[in-house]
Every structure is written in structure tokens, then in C-alpha cells.
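Enquirer: Feature table excerpt (TrEMBL):
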type: COILED; residues: 31-77; note: coiled coil
type: DOMAIN; residues: 119-441; note: domain 'Calpain catalytic'
type: ACT_SITE; residues: Cys201; note: active site
type: ACT_SITE; residues: His366; note: active site
type: ACT_SITE; residues: Asn386; note: active site
Amino acid sequence: MPQSTASSTPNAFVTQALKYERKISTATSQSQALEAAIDAAENYMKALKLASSPKEKQALDAKCKELLTKAEQIKDAKVWKPTRLDSKNVMPPLKEPKSTRKLTTREEIILLEGAKLNGFLFPPWTAAPNPKEFELGHGETKFVDKPDLALSSSQQNIFAGWKRPDELLASISPNNESSTATPTMVGSGVVDLVQDITTDCSVVASLCAAASRMERGHHQSTIYPYDDDNNVPKLSATGKYIFRFHFNGCYRKVVIDDRLPASKTSRSIHVVDRNNPNLLWPALVEKAYLKVRGGYDFPGSNSGTDLWVLSGWIPEQVFLHHEDVTSDELWKRLFKAFQYGDVLLTVGTGKLTEREERLLGLIGQHDYAVLDMTESNGRRRMLIKNPWAETNIHAQESAGMITDLQHETSSPRNQLTTGSFWMDCDKVFQNFENLYLNWNPGLFRFREDIHFSWDLSKPRGNPGCFAGNPQFAVSSEAGGPVWLLLSKHFRTLGESKSQDPMNNEPGFISIYVYKKDGQRVYLSDGALHRGPFVDSPNTLAKLEMPPRTTYTVVIAEQSVPSLNQNFTLSAFSRDPVTLSRAHDKFAHVAQIHGGWTPATAGGNVESPRYPSNPQFSLQLSEAADVSILLETSEPDLAVHIKLFWSDGKRISTVRKRDLIACSGDYRRGCAVAEANNLGKGSYTIVCSTFAPDQVGKFTLLVSSTSPCNVKALASEAAGRHTVISGIGVFAPGTDRILAPLRVPRLTRVKLIARCRDSRIGNRSVAASPMLMTVELGQGPYKKVLASSEGGDYSDAVSGIRVDDFDIRPEDEQRGGIWIVIERIGGPGGQVEEHVEVEALGEERVEIGEWTT
């Protein structure tokens, strides 16, 4: 609006009064402070004479009395000390750190992709706009931003068109009376922002928290045009406003016009200040933010996210009901920072029943602003504001939340407005579910950003498997506090639903941190820091890093829509900090697919069928470090890996001396086994499920520091005829049984004997150690052709085996070929045992009846 028009309105005098108020806080002598207080009071008096509405007169009268009282206090003070408006701790603004890391071409593309959102373009911020951009030349028309923002159906029912601020104020006043007030960017008295028919409680709560900080003497320039001399936003003659918001990886330029959605009724579609109905900047900030988020039908988010966009301040979400959160520790962390203006606070409720809402005077799943914090006589309280225009004040009173603290503080900002109440810190922890903190990034001197994409449209790993997750290395030479902020970029509304119709929810994200020197990790186990999974677009990990340390940072997700998602990871520190991609020490990777079928699902090593599990040969041409990852398509399957020295052949019997590495306990979905400095040679990998007959597909990924070759080993029965004998019985007192083996022609055969039952009476007992031999003939001239386990007795649960041997039909003429099984008898010869033999022959063989 042209300055000549504003000069004869109360707003012009209010602007001057605020300017003198700020001079009180910066005065270096008692006389300067007294003069500034008197000038401020005089300007408020002039504004009072020109005020038209009773509410405006009341607010200005209060300011007059406040400044006159302040002038008397300064005049009568025997020892004068400089003051800081309403806070003792207003400090010069801290400089926000900037990332100096050179971006890759792909990162630059990600930032460009982030500029296109909801049909609008939000380019990265480069510099403050030229003031001439807001000057209206002769014959020029005011700026109009198209297309108009979307409204919800309830908003459309009362929508009366898009109107300029002067049109809105001319049409209706707070009391439904004609108003001559003009738009202003500077209010008088306490700012009292409320929402009405909009659903953006988190946005309005954020604006309330930010406005409260401004009232304590802290200002931040995010809206243009801006009056740098007086540190306040200015009215734009062109109706065009430019905002500096932080989202999608950087600060971005958001342009709007000053047309606001008018209402046919007394209810408002946009945010309003009940004490200053003609205060314009809150509604403009709201409109700019809702343009970014898709329109006035925005369903809401949380205040931490909103303030992160509006201010670029680091968001932190505290779960107040978490067992590790204590009110004493949290209060100490927040109180001084709040007084210094370095943290903004909002709180959110969880789900509440109607009865709980009545008893507590709170609204379920609703965000509130924290306007002040006080500590007096050991009592800690927070001044909380409900941003809803309609507030159940009687419910709050019955809940004991409203307390008059006027006698405890002289600050006018503590005067309670409708919907605001004081609450003890412990009650806040009890009644609210989340505390949202937004920290001044200027608390840190260094920052580094890295932007990346994660294509979640591709098949994802099982929960707890991080092989395909984005991973980074964070390094600090000096050590100390390092904060990691993960931000998921906004996408156009409806885009997720159109590309992933089965999932329209935002999903959950988290940060894991490991002591792995920046090397990639494969499993979620052993994390130094495991962040909560949150449905917000950002999450924070706060680390305390020792000097000369590099950690591995893993980005995790659950149920995020199956799209190509863009993210930004930011590191904040008081000393230099670097972010880079995590490095993989394994230069060579071999991948092979397999599965457990009814024939090959042999179960764990205690199962007799363990050797039937899928096995693979690993060949190394030179010594290497090796990592083996097994991941199944069935996330509920508990799986395991063992690596054996077996010259690349199938494992038939598990011996401890042959075991090189294993994946530890059985683990759902995935498992990893690692071996360092593994020598040149051939090895065998066995992949198993916990129980037999658990079927499913899997992927085996073998990574090594030197070239490797992995291939599946054929099952023992592959290419062979399988014959199962009848049951051979060791009656109590019997230690030897035998059965004839016949072949039609020259045949190579492998034999496997398994104990199927072992008992004393009705009681099961452990199987006896046994020995199986293949003998030509019987009696004193028999000849042993082959034996199991090198001639040693064995009680292996997988059975005893005789490896390949050849037999001929003519051997029958020489006394026959016999399968002989002997055992070391049980206690007192009371054990009865049942055995069977599986013969795997190149030709079909026949096993006769068992005899003793």
C-alpha cells in the first residue's frame, strides 16, 4: 500500500512506537532509554486518538499505560542497567552455517526436481529481491498469482472469492461492523493468532510460536519487502510478496499475491489476529506455506515440520512418554535456549477420547504453541496456546490449567488471551504426547549437505537388511556434538497415490549410525544409534563423536510409497564435519539366486536332513576378505549361513574343524557371515532355514576383496537313482546288522545311513555311535571295500556316509556285497534302534532284507 495513505492511520504511529520500543532495549544510557520510552508512549497515544474500533482502542490504551510505567521505572531507577525489550537474553542473531561441499551433477538435478511442486515452481534462493520489484508504477496493475490455491469442500461452502486485504477489511470487522481499518504489517499489543475453518492447526501453532519469539525481541527476515531499518516486514504496493522457505534440500523462493480467501460468514478461512484483525503478515505466511503444501485443503502435518519450512530451523521430535525422557533433564536443556530465542517449542496431543478431552480441556491429535517458559520458587511452567478460534475455556478452567501469573512477571506478553493457559512442566509431559523443537542452526558453525535419491519402486530388502539402503560416512576430526538431519523431499499431492495406489500414507523414516569407519553395513544389528521410525518428512540424530572418528550412517524406511524418493542429509557441528558416500571395501561381488524346496529344505544343523540344504562352491584365486549375505523372499523365514573348508565339495557331515565362519543365531529374513584373510582355495557355503520343510526363494550375495567365483553345487541325489532300504532294527543286545546290495551292472554308489528311532522301552534316548561298512563276502575271508567316517564311529544327526564306490554284478559270485552297520551298544544293551539306508546309484540298485 502506498506510504502516503498509511501516514494518517494508527498503523504509522504504531510502527514508530515499536521502533522506539526497540531503542529502549539498545539504549546505552539511562537518558537514552527514558527518551525512547517517552517517544514510544507518545506515538501510542497518537495511534489511540485515531483508532476506530473499541478493541483496538483498548489494546493501544494498554500499551500507553505500559510505556508510561516503563518510563517512570527508568526515571526512578537509582542504578540503571540496559534492558532487552521483554527478555534479558536477546543476543545478536547467530550466523547460520552454509554447506560448502561441491554438489555432484546428480545432486544439482535433485535440487532442480525439488523446485516443481503442486503445479508451481519454487526455485532455489539466490539473493533477496530488489525493493523495486514491489513498487507499483504508473498505470500498472497489482500482481496476481495463478492458479488459485485449492480449497476444501467445507471452505468452498462459505467461500466468497479471493480479495485484497483492503477489500476484506472494508467488508467486515470482527464485530460484523463496517471497518475503516487499513492493512498493516505491524500489530499493537500481544499477537493472538487463531485458525477457524482451516485444518492447519500445526501451521497456526507454528506461527504463534514464531510470533511469540518476535515479541521477545528476536526477528528473522523471511518475508519481502522488508524494512531493514526497523526490522519489520513492509506492505507491498504491487500486492506481491516473496518468502524465503526451506524445503526440498535448500532455501527456496515462494511468490504469492496478497489475495486472501474471503468468507460469506463470520468464520474465517485464513489465520487471523484477534487483537489486530488488520495485521496482514500471518495470513500471507500461511498462504505461502499452503502454496508449498498444496492448498488451503492441507490436512496438516506437525509443527516441527512447518517451522522447519518457515524458518529453516532444525526440527527435533521428542516423544514425551518415552522411558528415557525426564522432565528435569529436558527442562534444563530447553529453558536457557528458549530465553535466548534459540529454540521454538510446540506440543502435540495423541489420540484422546471425548471424556479425556472434557477432563483435560485438550483436543486430541492437535498441535499447540508454547509461548513462554517460567521458573519461579521451584515451579516450572509453560504458557501454552490453542490455535483454534473456538476454545472450550470452561473445560480448561475445570482442568486447572489456567493460572494468573501477572504477579510473577511484569512482561505484558504473559497476559492470557483466550485459548492460552499455563501448565506445570510435569503436566505437559503427562497430557501431551509429542514435543516439537526447532533449533537455531546458528548454534553450529559448520554444516554439510548431501542430496540423494532412493528408488523404492524396486524390490526392497527385508526388514533389518541394509544392503540396498543409502549409506554415508560422517567424519569429525575435532569430535564433539554432531547433529544429522534427514529430510524427505515433498512431492506433488496425489502423485504418490497415482504411482502407488496401494499406499497413500507417507511411511516412516529413520537414521541408524554405526561404528564402522564409514564402511557399508549389511544388517541393522549392532547400531550405535537407532532412531525412531517417524511419519514426519524429517528426523534428527544427535551424536557425540570422539575426535578423529568416522561413523557409518544408514537411512532406513518402512512403508514409504514405492516411488523414486529424494532426500537430503545434513550434518551440523561446531567444528568442521564432512559427509560422503559410505565406501564398500569389497571390490568384487558375485550374486546367485536359489531356493529351499521340499527336497532341499533340510533345517538347522541339528536336523538329520541338514546336508540336503542348498550348498555353493566359493573359489578364491588369492587371499581375500569375504562377506556373505543371504536374503530370503520370505521375511518371516529364519535363515543362517555356514562357510566350510571342503575343497568346494558338498558338506555331508558338519565338523567343527571344517567350519570357518557362520552368521550366528538364526535371523529372520537375512543373515551375514564374514571371514577375513581367507586363503586361496575352494570353500563351501551352506544356506539353511531353522526348521526342515520351510520353503522359499533367496538371493546369495558374496562380496570379496579379490576376484571370486560362486556356483551352486548339485544335490547329492542329482543324476542318481535313489533307493531307500527297509527299516533295520537293532534289538536290545544286538550290535550288528547287515543287508545285501545288488546291482544289474557296474555302478557307482553312495550310501547314507540314518537313525530313525532310538529308545529304551517307551523312552527316547540319543542315538548310539555307529559305523557303516561295505563288505565283499562274510566270514573270515570277507573284504572291506569302503567305510564311513574313515572307519570311526559317529553319532552325527545327519547320519553316517560311505562316499562313492564301485560294485559289479559278478561280485555276487564272490560272496555278495553287504551293507553292514555296527553300533556301540547303549547302557546294559537295553537300547532298541531303527535305521534306514539311502543308496544313491548311477544305476538302480537293490537293498535286501536286514539280518543279524
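Glycine is treated like the rest: Cβ placed from N, Cα and C.
These figures come from a predicted structure and were not determined experimentally.
Show me how these features fit into the structure around them.
Expert: Across the residues of the coiled coil (31-77), the predicted structure has a mean pLDDT of 86.
In sequence order, Gln195, Gly300, His366, Asp367, Pro387, Trp388 are the residues near Cys201 (active site), counting only same-chain partners six or more apart with C-beta under 8 A. According to DSSP, Cys201 (active site) is assigned to a helical segment.
Just so you know, the Cβ of His366 (active site) picks up 20 other Cβ atoms within 10 Å once every protein chain is counted.
Taking the Cβ of Asn386 (active site) as reference, residues of its chain lying under 8 Å away and at least six apart in sequence are, in sequence order, Ile363, His366, Tyr368, Gly419, Ser420.
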